[in-house]
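Database features (Swiss-Prot):
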- 1-233: domain 'ABC transporter' (DOMAIN)
- GLY31, ARG32, SER33, GLY34, SER35, GLY36, LYS37, THR38: ATP binding site (BINDING)
- 291-355: domain 'Mop' (DOMAIN)
Amino acid sequence: MTLIVEAKQRLDAFSLDAAFTSERGVTALFGRSGSGKTSMIRIIAGLARPDEGRVVLDGEPLTETTTGIFVPKHRRRFGYVFQEARLFPHLSIRANLTYGRWFAARTAHGESFDHIVDLLGIETLLERSPAKLSGGEKQRVAIGRALLSSPRLLLMDEPLAALDDARKAEILPYLERLRDETDIPIVYVSHSIAEVARLANQVVVMRDGKVEATGPAIDILSRPSTASDRREAGALLEGTVESFDARHHLSTVALKSCQVHIPGAALAPGKSVRIRIPSRDVMLATTRPEGLSALNILEARIDGMSSTEDGTVEIRLDCGGDIILSRITTLSCERLDLRQGRAIFAIIKTVALEA
């Protein structure tokens, strides 16, 4: 699947001028509120027309302003999941789900009802009414209804934004299964770096109506400039679970040439995972420290340094092929005599499991 999007649009004081190409998997449109993410997804869906541009899916033009092509939204065969579930209150969950079948093309061979129900863990909800469901359950049903329409592309516009942290944690594993167990490409809009780090294969960073960066999630989310808030800056790494220590509730994850220990998560050996290490949680030492509670102390070499306007220094660390980031004060940098190429020890206070 290849999706090509090019769009220019003037909306009152806001100007959109953005383009990207998406391949199979999950492509995240990431950025602050007001950056143009929802405007882009509405153009993809056929809910809005750009002043100039095109939307092409697998070589088929759906919108093309130069030739006047505009395929109506109901003929694009796209599934759309909004911030709110938008279920029919007078129908049971089963009826809400089967309603999606009415929009499937006659020749479409989509996922079966039973498979979607199992995939999203909603077997016990089928005879209930929407009023009896939690926010996370409603969103899972909304996703199931979209999938049962046999979409060529699934568009998800901030689907977790209205949920609290507990409900987000409930639904994220189901979105991972959706990504891993179906062949349906997804365009996922979010301003949450944690959601994007966990789900996305490719990231399109938007700012002020323009595409600022695009590429693999591992690369894009490890750039300090990607974070909308400096507290979110950090490195995203991929690894494999080596073991789980049941006594201490610690999983050991192997990276390219080192290991990290993650508390709390009972992960199966051999499982591929993503971990995120915030730059604010990486301390530096010129000699190996002793007598610390930190479990993860990695040998590294300084691969790059850049000063910021607020009196801090962003330091890029090469840990045997895995790149992590540290943010320290300019004073600390001077006292430690840090410089390009110097060997250093990185003390990691927090490792977040993303997938």
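Cβ from N, Cα, C; glycine included.
Annotated features taken from Swiss-Prot, shown on the structure.
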{"residue": "GLY31", "record": "ATP binding site", "Cβ within 10 Å": "25"}
{"residue": "ARG32", "record": "ATP binding site", "Cβ within 10 Å": "13"}
{"residue": "SER33", "record": "ATP binding site", "Cβ within 10 Å": "10"}
{"residue": "GLY34", "record": "ATP binding site", "Cβ within 10 Å": "14"}
{"residue": "SER35", "record": "ATP binding site", "Cβ within 10 Å": "24"}
{"residue": "GLY36", "record": "ATP binding site", "Cβ within 10 Å": "25"}
{"residue": "LYS37", "record": "ATP binding site", "Cβ within 10 Å": "26"}
{"residue": "THR38", "record": "ATP binding site", "Cβ within 10 Å": "17"}
Check: same-chain CB within 8 A of ATP site center, minus GLY31, ARG32, SER33, GLY34, SER35, GLY36, LYS37, THR38: HIS191, MET206, ARG207
Model confidence over the domain 'ABC transporter' (1-233), averaged pLDDT: 90
Within the domain 'Mop' (291-355), residues counted as helix, strand or coil by DSSP: 6 helix, 36 strand, 23 coil
